[in-house]
Structure formats: C-alpha cells, structure tokens
C-alpha cells in the first residue's frame, strides 16, 4: 500500500504552492527596504546605500546581520508577553492577507468564497499589533502613537471596506478569482475609478505609510509605538510594514487592474509587473508628499473620502439596477 495517494499528493502540492508564494512575499518585503532607499536617493538626487556589495546589493544582508546581533532588550517596566506578541502580529497579519490573492489562474494559497471579508478581518487585526506595542511598552510616546493608530485605522477602514463593495456588486462575489474573471473585458478601475482612489488612499493609511505615518511620526513621537523595540523584534515591525505594501499593491492589481490577466506574457509575469508598479508608487508618494497634521488626516478621511465612497457605491447600485431592468 503506497502512502502517496492522489489525495495526499494534491495536498502536498497545495502546501508547496502556499510556502513558495508566502516566501516570495516575505523576500519581496525584505528587498523592498533596499529598493526604497535606492529609489529615494534617485528621487532626491543622491546615491543611497552603495557601499556593501556591488552597488549596495548586499545592504539588506548587512542590515539583517546587524539586527540579528543586536541586544534583544525588553524594558523592565513593560508587559513582557504582550511586548513580544506585538511584532509577531504585525508581521503575520498582512502576510496572511496575501493568502487570498491569486497570482495566476492556478496559483493561490487559499481560494476563499469570503476572500475580501478575510482581508478586511486581517487588516483590522493588524492594528492590535500597534495597540499592544504602545500599551505594553509603558512609554508615553508609544502610547500616543498607539492611540493615533487606533483612531486612524478606525477611520480609514470604514471606507476601505465600502470602497470594495462596488467591485463586489459588479462581480457578484467576494471570491478573488471570480473578481479577476469578471474583468476579462474591462478592468474595474474604469467603472470603479473613485473606488480605486479611496481604496488606494485607505491602503496607504492601513500600512501607516507616509503621508499617513502619524502613529510613528519621528519629529513628534520619537518613532512612536516601536520606540522601545530593538533587534529582531524591531526587524519584524520593519519587514511587516513592507509586506503590507506588497499585499496592498497586489490587492489593488487583483481588484481593479485585472489581476494576472494580460496579453503575450505568462500570467505570473503580468501580476508581478503590475504589483511592482504600485510598490514603486508607494515609494514615490513618500518622496513627494509632506506629512499633514493629525487633525487634517482625520478630517480628510471623514469629510472627503467617506462621502466619495458612499457616492460611488450609490452610483454603482443605480447602474446595476438600471441594467437589470
């Protein structure tokens, strides 16, 4: 009797696909830290890191070695268990969100019928990492950063979900593969342009990226919620932020730009090229926009983005009802 039954082989292949996809995402998130510094140098007419390896290509390895050998210090006045749990949540929450993204017609970690709801759930879970880090550090700057993060995430996740409801209504499904297949003739970015705009803005805010990096504003909060972190714990926060950028870029491509669809090239290549474009856009936004005040960030979310999202949803519903007659 052979142990390798067809069912077991199918399970092993699925596990192998999941491991490969998630390892590629983690690797892209790590290398994006080097790519961001080089691109920021290009945008600002300077060199960026260029000393370690050819053209600075080994800078990431040097940073990893440095973080690995730094003291893993835990403040005596902190809550050790929650202090340690926070970076793990920050690293895994948005990484697991990538599980629903189909990178080709046959490659996806999980083909869920509630794919979009799963992403919204994991995005909501990510804020707990910031709250835990701010509270467990027992530091006033960390706590202020955590409070900012909770208010900002509460505000922007409202229209993060609403911006996707137009896409769901057009596709008739929460499944990511169904949404990609529904864009065979026209990408969702055309009928759902305002939904795309608000989702992209909310995605930047959920990743706590500039100009929505209020929870870790260096000039105001001395690096905010991870001021007490060092070594690999800080590294998990650091890489987790870039994994969030990769995940949000991949979701923008999947939901609004046809996912892996495209002529001539293999589906995975199309998906990678589209995702890389939006990852570069994240860096360009950081290089070109100033950081607004915290009250301006909140006002922009509630007074501009939320009404725009509701109008887009109402217009989409009206068009669908008109076409159904």
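Each residue, glycine too, has its Cβ placed from N, Cα and C.
Note that this is a predicted model, so its numbers are computed, not measured.
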Need the matching range: Swiss-Prot marks transmembrane segment on one of 60-80, 186-206, and I'd like to know which.
186-206
Could you give the residue numbers and ranges of same-chain residues that sit at least 6 residues beyond the transmembrane segment (304-324) on either side and whose C-beta is under 8 angstroms from one of its C-beta atoms?
156, 158-159, 162-163, 165-166, 169-170, 191-192, 194-195, 197-198, 201-202
